[in-house]
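Here's the structure we're looking at; comments come further down.
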Amino acid sequence: MAVVTANARGVSPRGSRPPAPGAGGRSEESWKGHIIRELKHRDLSQHAMFQDLIRFYTQLLEKTSLTKGLLSSAARRPPAGGAPLSSLQQQSIQLKKTTGELAYQVVELTQQIKIKDGVLEEQHARLLQEQRCLSRVSETHQELQAQVEQVQGQNTVLKVEYDTLLEQQRAAEAKLRQETVGGEELLAKVMKRKNQAAARMNSHNERRSRAREATQAAARSKVNLDRSAVHPPSSTSPSSGFSNSSSAPSSRSTSPKNEKRDASTERKPMRLVRSASVTSPRILTSIKELFDRKRRGHSVCSQEEDLVSPVRICVSARVPARALQVLDAHEQDINAVRFSSSSDLLATGGTDKVIKLWEVRAGLLTHRGTLDGSTEGITCIEFDPMGFRILAASYSKAAMLWQLGDSVPKVTLTGHSRKVTAARFSSITHQVVTGSADGTIRLWDLRRAACLQSRNVAKYCSDLVCSENCIISGHYDGQIRAWDSRVASCVQVFPAQGKVTSLDLSSDHCQLLSCCRDDCLQLFDLRRWSNERVTFRADGFKCGSDSTKAVISPDCCYLAAGSADGAVYIWNVSTGKLETRLPDKHSSSISAVSWSLSGEYFVSVDKSKRAVLWSDM
């Protein structure tokens, strides 16, 4: 650059030779070629980042080339005079000035290049960091992909197992259908055999009745003969003039034995015939056994069941106020509870398929026994009026009858196609009534364990009660139906407010209580047989299930039901208002309640295996 400036001024160093022609052109070309190669290299590496710097640098090169061209032309032409020399000096000054500016711009651009290099290094560092993150993410992705493949393999295995189980289920369902058809055929055969057995028993009873009548006739004729033998008439009647032998039947008069007896009587007229005396204990015992003894045949009932049930009256029921005992009575949910007529025995039944008997004494429940034999859960419990037998309904489509002294059922009543929801003793001896979810109501004879009548309502029967010649049933269609058991027809329909979950009859059979899913109790007066009713509600009371049981107190003054919140609600019938609320003893929905016939105790059971004994003591 110094050499160029000196040549521009036109002063050559001493002893130096002028540059050979073409030497300056070769240096320019080599320098420019070097710059171009560097720029191309940088353009390849930093083209996108340094576009502005390249543009400015290109302009600088162009101006530098122009300046060098002017200086070289000035050096080749010698100055002709002083004026052109001064102009050249001015141009040289201007070019120096321009060169300085360009040098400054080069410095600035160099600083920008350094700044760009720093930014580029930061970006390279960030790029490395992102690459490392990408590698970690890629590894995670590979792990997840491996897990996905593993899960897919497991899913494939589970799918194969599921398909296998589905095939097994289909095979089991097909087998179940076959077994169901076979069971129905077997049931039809059993019912046919029962009907045949009933016909044979009726024929046998008819023959026995005829034989008994014949025996009675023979006994009467024998008694008449003995009377005639004890008090023989005189040999000749004053009025008729006939002898005693002529008045006797011809068969006896011609018999040799009778001839001998007459002869002996003639010989000993004062002797009495002892073997055929009317007052003989043997004859009296025979006649008493003949007329008093009850020939039972194939009956499933005992003599103590034929006794007339006692009439128990509760003068005043106690309103429960305090829990006397809280216990876990069953292993699973408790669905039903009932006091016996003597109030000293309690029965509870639940989903664990058993009925437990509890002795109530001095405010405590003591476990007395367990009744087995049900294959499914218990839905309803009923004591007979004498308290000797227990009738229960179950999910096994059957109702069972137990004797208190036996742990296995004495009678099993089958014939419903779905679970039996209610089972009650009828007002007629040896008859019970059952209601089922299949929409049928059946009347059974316990002596033959046979169905006498079947009424098809086609609506889910949730509960029923029995009065004299009347059966009242509640259904899920919101209707309460009254049936005449003598003609097997519906005589009255009471509309309810929602699904009927339970029914209860007052002790005087004049009032009917229904519990409905719309969270209310309804009390009907059966003496009027009208649709008028009294509705009982309370804040917080909610019917907890489709089988929640409500009861009337023995004195007909109070109503009680359990709520979904675990509290017992008791209403006063006369005022129509809530009498009391008993909370905090149940942790789940209360399924059933029962009042003892004496009015002294009250029991509530829930879905969490708990039973609570209440009283006002």
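Yeah, the Cβs are placed from backbone N, Cα and C, and that goes for glycine too.
The coiled coil annotation in TrEMBL covers 134-161.
According to TrEMBL, the feature compositional bias 'Basic and acidic residues' maps to 203-213 (among others).
Taken from TrEMBL, the feature compositional bias 'Low complexity' covers 232-256.
If you look up TrEMBL, you'll see 257-269 (among others) marked as compositional bias 'Basic and acidic residues'.
Per TrEMBL, the feature domain 'Autophagy-related protein 16' maps to 34-202.
What TrEMBL lists as region 'Disordered' is 1-31 (among others).
The region 'Disordered' annotation in TrEMBL covers 193-277 (among others).
Tertiary proximity for the repeat 'WD' (327-368) is limited to same-chain residues at least six positions away from its ends with a CB under 8 Å from its CB atoms, namely 309-310, 312, 374-383, 385-387, 390, 392, 394, 402, 404, 547, 549, 591-598, 600-601, 603-611, 613, 615, 617. Taken from TrEMBL, the feature repeat 'WD' covers 327-368 (among others).
Each residue in the repeat 'WD' (413-454) has a pLDDT score, and their mean in this model is 91. Annotation comment: TrEMBL describes 413-454 (among others) as repeat 'WD'.
Residues annotated as repeat 'WD' in TrEMBL: 553-581 (among others). Broken down with DSSP, the repeat 'WD' (553-581) shows 0 helix, 14 strand, 15 coil.
In terms of DSSP secondary structure, the repeat 'WD' (327-368) contains 0 helix, 26 strand, 16 coil.
DSSP places the residues of the repeat 'WD' (413-454) in helix, strand and coil in these numbers: 0 helix, 25 strand, 17 coil. According to DSSP, the secondary structure content of the compositional bias 'Basic and acidic residues' (203-213) in residues is 11 helix, 0 strand, 0 coil.
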